[in-house]
Structure formats: structure tokens, C-alpha cells
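Visitor: TrEMBL lists these features:
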- 444-453: compositional bias 'Basic residues' (COMPBIAS)
- 459-468: compositional bias 'Basic and acidic residues' (COMPBIAS)
- 444-468: region 'Disordered' (REGION)
Amino acid sequence: MQKKSWRTLAAVRKVLTCAICSIALLALFSFSKVPNFSDPVKLPTLDDSSGILETKKLWKPPPGLNFVPCVEPSPSYTSPTESRGYLLVHTNGGLNQMRAGICDMVAVARILNATLVIPELDQRSFWKDSSNFSNVFDEDHFINALANDIKIIKKLPKELATGPRAVKLFRSWSGMNYYQDEIARLWEEYEVIRASKSDSRLANNNLPLDIQRLRCRACYEALRFAPQIEAMGKLLVNRMRSFGSYIALHLRFEKDMLAFSGCTQDLSSAEADELRIIRENTRYWRDKEINPIEQRSRGFCPLTPKEVGIFLSALGYPSSTPIYIAAGKIYGGDSHMADLRSHYPILKSKETLASVEELEPFTNHASQMAALDYIVSVESGVFIPSYTGNMARAVEGHRRFLGHKKTISPDRKALVGLFDKLEQGTLEEGKNFSDRVIEIHRKRQGSPRKRKGPVAGLKGKEKLRSEEPFYENPLPDCLCRKEFPVQTTL
């Protein structure tokens, strides 16, 4: 009986072995077919996955290192005491130069213990914009938001409107002592002090922390755009986002910029002559004779639209990338935009995103149109300025304040050398060129760092002028590292 059961068990084992072998052979032959990757449903290859990761990296902001806004005043900060007089301010320049000046004058009013009269906007500059403060900014919000810092009124009292006043051009980049001593002495004779200019009248550094934080509260909290501008700006942002993550490109290829800088790259001789005549006839532009080749080689010229297209391609942005052109009227129009458009066909602007009727309230008002560009630029996935001007600095600083959103600052001097080699045929667009461009800009993407001080060896005004502007980088004064609670295990 036992011998029979052993024979049965052996037979069962043979059957099971044959079955397993058959299954294995079937599996082997069924998977030996090479998959057809031309099928409509394509499995991602290693290269595809790598491409997705690379694309995500293009939009990834730099590490924020836990920096968050910290603009609250210190415990010893007091509400404004009885005012010593009134501060009138005539702002100067374009939108962002005026914004910085207004915020500085808020701090100056605090230092002088003055009542600030709503500043006058510049209506005599190159743009001839008739906008007043309430056309561009939310006047009531500005007054109320700073009520615990300074007193602000909309107009001088009638009895002082035609009275004597001290008209003063405040010294550039001045500190506490200048205002507390030299300017405050004017209160002994006058009830009204008028600042004839507002730009760069306050030092970037070496001011009390409460004054620096007041500048940030004024800039990033109190000085809000007028409701109609804010609403239109948000509409433009939403329309841009409908195309996906977008780059805001501050393309300084406008007539005034090119005439002022003396740059002629990619221009015809007739265009260069037109710009030279504008420069010579603009009284308040000091530099009349400018060597455009030298200017460009030193990195003092804005990138041209053609150069921007090459630059973005080298960084790895695909041709499907939506780009918002934050600028006024591009000099030469379509003729100079063709190269950039051939690289990136999804080029948008406020004029193409909105109808003529929607833009009509802002048209012919350069400051209001610039405010729309500012809003769309601050909210973009990536911000890239083709030139380091007042708007580029203001937007970069605001994006740093909001969490170090990605801002790529082109190294124009280094790029010019590479572009010239492309032109001469000693270098070609491709991996080698792209690697060099990426490496140059690895540390130029808006990551947290302290504001740069003066260039070594300079003295006087040139030393102060060389400092990084306060509103370009409000760290360390208005950004602090967030402390996370220590996790303990039981």
C-alpha cells in the first residue's frame, strides 16, 4: 500500500513539472515580441521622463531657505506725534522710479516728523503722462495703511496753499543725520518743505531697522494700485495663465530706452540716426555722444529681441513657452520682433490679451499701462528683464519679498561675447553654447542673498551709487528666516 502511494506522488510531481514548464515557455514567447513605440499610446522612455524633469526645473523657483516677510515695527516704535510741518513731494521719472521715491518720502516724513501731502506725480517727463496719484494708486488705502506711521493728507490746508515754503533738492542717498539736522532746521522758518525730486534721496543701508521696515510696508503693503488697475491686471494674469506657466519678459527695446542708452545693435542706420537726434534734443539727458559698440561690449545695452530668443532657447525653454511682453511700444514693431516670434510664437502683451475697449481707460497714460505690466510680471512663473532698469529692479525686489520667485537676470556682458561668436561663425547654437549660457546663469535666478554693498575703492556719490538699490533686494531688513518648531519623539 505504501509503495503504491509513492508511485502516485511521483506521477503527480511529473504532471506539475510539465505544467510549470509549459507556462514558462508560453510566457517567454508572449514577451519576446518587441513593443511598437509608434503606437498611439506610447510608454514614456527614460529620455521622455528626463525631459519632463528638465521642463519642471525650468519653472522651479530657487530654494527660499525659509525666508518670509518681516515688516512689523519693533516694540519701541510709536505712533506719529504732533507734526512739525508739511512735506510736499514732486516725484520724478517713470512709474517705478516714482514708486520708490514715494516710499522713501514716507520714511523721510517719519524721520522729519512731518505730515506728508499726497505726492505729485511727474507729468513733465519723456512720457507726458497726465495721471495724478489717485489715477495710479489707491489713495485711501495708502493713507489708512500708514496711519500708525505718519499722517498723510490729500491737500495742503487752504491757508498754506499760497504761503512761503522751503523748496529743497534733497541730497542723494542721505542718511538720518542729514534729515534730522540740515533739513529739520528748515522747520524753524517754514511750515512747508517741498522736495523738488524724490528719486534716490534716502540711503540704501545704515538706517534704523524700523525705518527700513517702514519702507517695505509702504512699498509692498500701502502703495497699492488703483482698483481699476488691479482688476485689469488680474484679468491679464488669468488670461496669460490660460496658456500655462508663462515668462514675463521686460523687453526694453523701446524708442526712449534705445535713444537714452545709445545702443544700435540690430538697427538700421536710419533708425540709429533717428535715436541719436532724440538723444541730442532731450535736454535733461546728459550723455549726448555715446559709442554704441563700446556701450554694448560693457553690457550696458538691453538685449535685442533676436538675442532674447537665442538666450531663452539656450536656457532650454521650448518653443511652446508662453511669453508676456512687458513693455511699451517696441521700436520698429514687427520687423524687430520677427526673430523672437520665430523661436516663440506664443508672444502676448496687454494689447493682444485685452480688447481696445478694455484698455481704453488706461491708454495714453504711460504710468497706468506700466502698472498693468508690473502686475503681470510680479505674478509670472519666471521674470526675465532684458535690461537692468527701474522696473526690472522693482519687480525683482517684489518677487524676492513674495518668496524669491524665479527671476533670471541676464549677464549681458558675458552674453554679448557669445552672441558675437555666433555672428562670426566661431560658435554654433547647440549643446556647447547652451551649456555655457546655463552655467553663466546658474547663480542669477533670484535665490536669497544679502543686499550688495558698495564697490570697493569708490568714494563719495560714486560709492553710494554702486550699492544695490534697497527695493531691488529687501534682505536682510524685511525678510527673516522662519523658525520651525523642533520635533521631538516620545
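Placed from the backbone N, Cα and C atoms, the Cβ positions cover glycine too.
A TrEMBL annotation is a machine prediction, not a hand-curated record.
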Visitor: Which bits of the chain, at least 6 residues beyond where the region 'Disordered' (444-468) starts or stops, bring a Cβ under 8 A of a Cβ in it?
Guide: 61-65, 67, 172-173, 203-205, 396, 399-400, 404-411, 474-476, 479
Visitor: Would you list the DSSP helix, strand and coil counts for the residues of the compositional bias 'Basic residues' (444-453)?
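Guide: Breakdown, helix to coil: 0 helix, 0 strand, 10 coil.
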Visitor: Looking only at the compositional bias 'Basic and acidic residues' (459-468), what are its DSSP counts of helix, strand and coil residues?
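Guide: Looking at the compositional bias 'Basic and acidic residues' (459-468) with DSSP, the answer is 6 helix, 0 strand, 4 coil.
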